[in-house]
Amino acid sequence: MAWTPLWLTLLTLCIGSVVSSELTQDPAVSVALGQTVRITCQGDSLRSYYASWYQQKPGQAPVLVIYGKNNRPSGIPDRFSGSSSGNTASLTITGAQAEDEADYYCNSRDSS
């Protein structure tokens, strides 16, 4: 039986930050099941504020997956991680799973 990779589409969209400056994200990306994907978000506000990352599946409310420097809410798998440098924040999914197929949004939040 031949192995067929499952392709996941991780979509990113732009939203405004809490400080009313624009953030821009990657276009849609695809990743094979089990591989690592990184989604980036850029904006001047990210020099002063951390990014929050949200996952949204069709017909469902957004779910916070990363906030602050690199914090995960309870129940979020450790394959999700966040990082930042300068005006760029990144969400990394290490070993993507089928259930990770979703839209991912970034937003900036206060660094305190």
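Backbone N, Cα and C atoms are what each Cβ position is placed from, and that goes for glycine too.
According to Swiss-Prot, the feature signal peptide maps to 1-20, an assignment based on experimental evidence.
Marked as region 'Framework-1' by Swiss-Prot on the basis of similarity to another entry: 20-41. Summarising model confidence by region, the region 'Framework-1' (20-41) averages a pLDDT of 85.
Per Swiss-Prot, the feature domain 'Ig-like' maps to 21-112; the stated evidence is sequence analysis.
If you look up Swiss-Prot, you'll see Cys41-Cys106 marked as disulfide bond, on the strength of sequence analysis. Over all protein chains present, the Cβ of Cys106 (disulfide bond) has 28 other Cβ atoms lying within 10 Å.
Taken from Swiss-Prot, the feature region 'Complementarity-determining-1' applies to 42-50.
Among the features that Swiss-Prot reports, region 'Framework-2' is placed at 51-67, with the record citing similarity to another entry.
The region 'Framework-3' annotation in Swiss-Prot covers 71-106.
The feature region 'Disordered' is assigned by Swiss-Prot to 75-95.
Feature annotation from Swiss-Prot assigns compositional bias 'Polar residues' to 81-95.
What Swiss-Prot lists as region 'Complementarity-determining-3' is 107-112, and the listing cites similarity to another entry.
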